[in-house]
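Visitor: Input: one structure, supplied below.
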């Protein structure tokens, strides 16, 4: 590639950034403004200038129609969980919210979410009093289905408004509009919120508002919004280290390292005020220990029922393979009897390895902190907005890969902030593409009914094709060397592997379904063949195989993409910024 071509490529990368606004020579991130940059365009501070286009309205309308059509679709036990929380907060005094055990689905989110459920319970009572009847377990009339589905759509407007606000002030509004649209239409939200059922769109809207405040230089508001978010759902603690380091370094300290007393006190008092509003009533009632026992149930095992596609999925799979090897060869290797069934049964509980050493919560905590330290040190040294966003993504990613009892849905903590980096340059886009395909496919087992399975696959395929078509040409770079060519081919082969993986999982699921149906029919007719047999026996002991293969294959992609982004952040980005500054000069 010629020198002029290299210059053009670097300029295109600089213009593709989502961040605001024009570069400042004093900034460590040349594509970003210095904090408090007075050269920020006036439109960046005009909060009510939304600049909503016809295309934005079309996206909102089409997506809403799709979500309305999904009202009758499959819904998980989370639907009853949230209905029960409506009943708890409506029917009981606040002193009993975190003590009630009427249902097995006890309240285990922080107080702000409980207050949120209390607010939602008011119109629910007027629509249908049975919705908030604490004794009316597993209520599934059309009134509760329509109300709860609608509440997800309405509260998701917090996400929509945040994404719209990212567009004004960005270097290239056309690219940012694409990213905002793809985030709002993200298959993860469709699968987890509008089919499986949760309120992630609402809460990620708060996160994106917080990131937007940081981008716009309002770090105090960014910190307050994140504190609010933590009190809605404590899983966002995965991101807390990046917020702590960034706000301390960029807001509470001067560039020379002196403490900004005014800023420090303002942030500390605001955050403390948020936590007092959330936890204060329970502290007065002496219920903080009870509340914490609900929020942090460490009695649960290393893996969730369906393994999240993380490092422990690989370790657990290795343990399964070693166990099979020992059983097949009779090798003289010690096997823990409790681990023979534990890791493969697909249930919530202690994960006991049959061959490998056991993993405890403290082990996962130490490993997570260890890998986060290098990220946080880099953020401390370079507290720019882009550095913060990348560190935020990597901190969430580290916790997802190495945390204790990680849910598969937590992959959204990676995919949402990573989306904002997708158009930075080709290295970021390829990382985003691999993580998106692996992360979205890793959510597929949440939806296993036939009709909805078609919807999730078709919708996700259209979304991925749209993202690739709209962004890949804008950031594409030719491989720099033979090593990059090999990496490029391996990554393409990995992505192509999801097609046979989907075929395998679909065929295995169909096989297991037929065997299970035959066993049920045999049992109903009085046959002794499979009557009373567990599903594992009925399906030849392979009913968990599609889940395991999915987790393992997706975890390979997510771990590789994590190493990819970490390498870019820790080693390549400084070199790239140096090249860009040289060309600009």
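The count begins at 1 with the first shown residue.
Every residue gets a Cβ built from N, Cα and C, even glycine.
Feature annotation from TrEMBL assigns compositional bias 'Basic and acidic residues' to 1-11. Sequence annotations record features per position, and here TrEMBL assigns region 'Disordered' to 1-41. Residues or ranges marked as transmembrane segment by TrEMBL: 235-252, 264-284, 362-381, 387-406, 427-448, 454-472, 493-510.
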Visitor: Are the transmembrane segment (362-381) and the transmembrane segment (235-252) close enough to be called in contact, which here means at least 3 C-beta pairs under 8 A that are separated by 6 or more residues?
Guide: yes
Visitor: Counting CB pairs under 8 Å, which listed stretch among 264-284, 427-448, 493-510 touches the transmembrane segment (235-252) the most?
Guide: 264-284
Visitor: I need to check the long-range neighbours of the transmembrane segment (264-284): which residues 6 or more away from its ends have a CB within less than 8 Å of a CB in the stretch?
Guide: 94, 98, 110-112, 219-220, 223-224, 227-228, 231, 247, 251-252, 291
Visitor: Determine which residues of the chain contact the transmembrane segment (427-448) at the Cβ level, with the cut-off under 8 Å and only residues 6 or more beyond its ends counted.
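Guide: 74, 76, 187-188, 191-192, 195-196, 306, 308-309, 408-409, 411-412, 414-415, 418-419, 421, 455-457, 460, 463-464, 467-468, 471-472, 475, 491, 494-495, 498, 501-502, 505, 509, 546-547, 550-551, 553-558, 560-562, 564-565, 568, 572.
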